[in-house]
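This report concerns only the one structure given below.
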Amino acid sequence: MNVDFGNALAAEAVTGVSEASLERLDDRVADAHDRIEANIEARRFGYASLALPTDTDPDAIYEAVSGFDPEAVLTVGIGGSALGAETITAALGAESHYTLDNVDPAPTRQLLDELPLSSTLVNVVSRSGTTAETLANFLVVREAMADAGVDWTDRTVVTTGAEGPLRTLADAHDLPSCTVPEGVPGRFSALSAVGLLPAAALGCDIEAVLAGGAAGRESLAPSLFESPAYAYGAVAYATEQRGATTNAIVPYAEQLEPFAEWFAQLWAESLGKDGLGQTPARALGATDQHSQLQLYRAGRKDKLVTLVRPRERAGVDIPETDIDALSYLGGESLESLLDAEFEATEASLAAAGQPNVRIELDSLDAHGVGELLYGMEAACILYGELLGIETFTQPAVEWGKRAARGLLGGGDFEEAEAVADKTVRRVE
């Protein structure tokens, strides 16, 4: 993975950062790097995620899925319990991985009606084992399996903490299971069993994913000028300080579209503290050049645009044509067209003074996706260090969870009373 932040410099962008200020910031990056390294070694909460490439045991994951040869994998989880796995399987082309990460009844019913439940591996993921959406969906899935004549205990694997309702369930029914690693928040758990199990069940090389993460670990250095991950985290921080309060993540590869969703959770939930942090926006190149690019180029100069692409792509040739107006396309390829659009977008943003950063992978393979995920996690952690916030908590999210649980009769929570006290001004 490499990072090019030339278009985020003050010479190119309205909210860009000067070379001199980056030199000054680099002293803080060095100090933050030392703290991060010490916390990784101590496996402190949150920082332990940066040790996952070596701490994760791929054999334990393969063992958990060894009794299955699924036609499909259905992950029942939400947030970090689903997005990392979805990112990895999508990037690696494992199309038979599905997720239930919402409790919208219509798509849930449609998916369960379409899946071959007798040959589907159901992967239930919740660190606490108490996540309301996950448990509700699992109960719905279990009933659908029973209605289809499938013994759910024969087709279910669990990833959860060492204790909790899901762990109790797994032990009671002797279900194959993996343990969510200690000290790793869900949104940082992609390089653990949480993110890797569906890929392993579908025959992907999770050891190569971990090797990519290990390469990302090796690339961390006490200078933003020597570490791609820290370069990105530091430049994102510096541009936010200059008014770039939105970070638009734009992969130029459809297989990375779930990565943008994963990134949005990572960035928002980790950095949205104390009135600080960048708001993540998601787009897809080249599709959203025909929608969002107008805003990014001609709207407010309050954005950092992050463009992501693999250098190597599959080849699809564009046929020659006798239509004069289309002759410039004939003999080219879809990948050359997509790369041209990437570079044109990058240049157009720079010409408009909108800071942008290029992130490139050698190729979109198991090693590449592992390195990308690790790099973004390290960048996020560095950003949090520079902001001086608690990166690994999510108190605002917990408020909503308590309110919802109280409304459903799952306990006496004062947050639920705030919902009842809502001011109503309805127009009908």
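Placed from the backbone N, Cα and C atoms, the Cβ positions cover glycine too.
The active site, proton donor annotation in Swiss-Prot covers GLU269, and the record cites sequence analysis as its basis. Residues or ranges marked as active site in Swiss-Prot: HIS290, LYS401.
Under the DSSP three-state reduction, LYS401 (active site) is assigned to helix. Residue pair GLU269 (active site, proton donor) / LYS401 (active site) shows a Cα separation of 14 Å. The number of other Cβ atoms within 10 Å of the Cβ belonging to HIS290 (active site), over all protein chains shown, comes to 8. Within the same chain, residues at least six positions away from LYS401 (active site) with a Cβ under 8 Å of its Cβ are ALA132. GLU269 (active site, proton donor) has a Cβ environment of 23 other Cβ atoms inside 10 Å. According to DSSP, the residue listed as 'active site, proton donor' is assigned to a helical segment.
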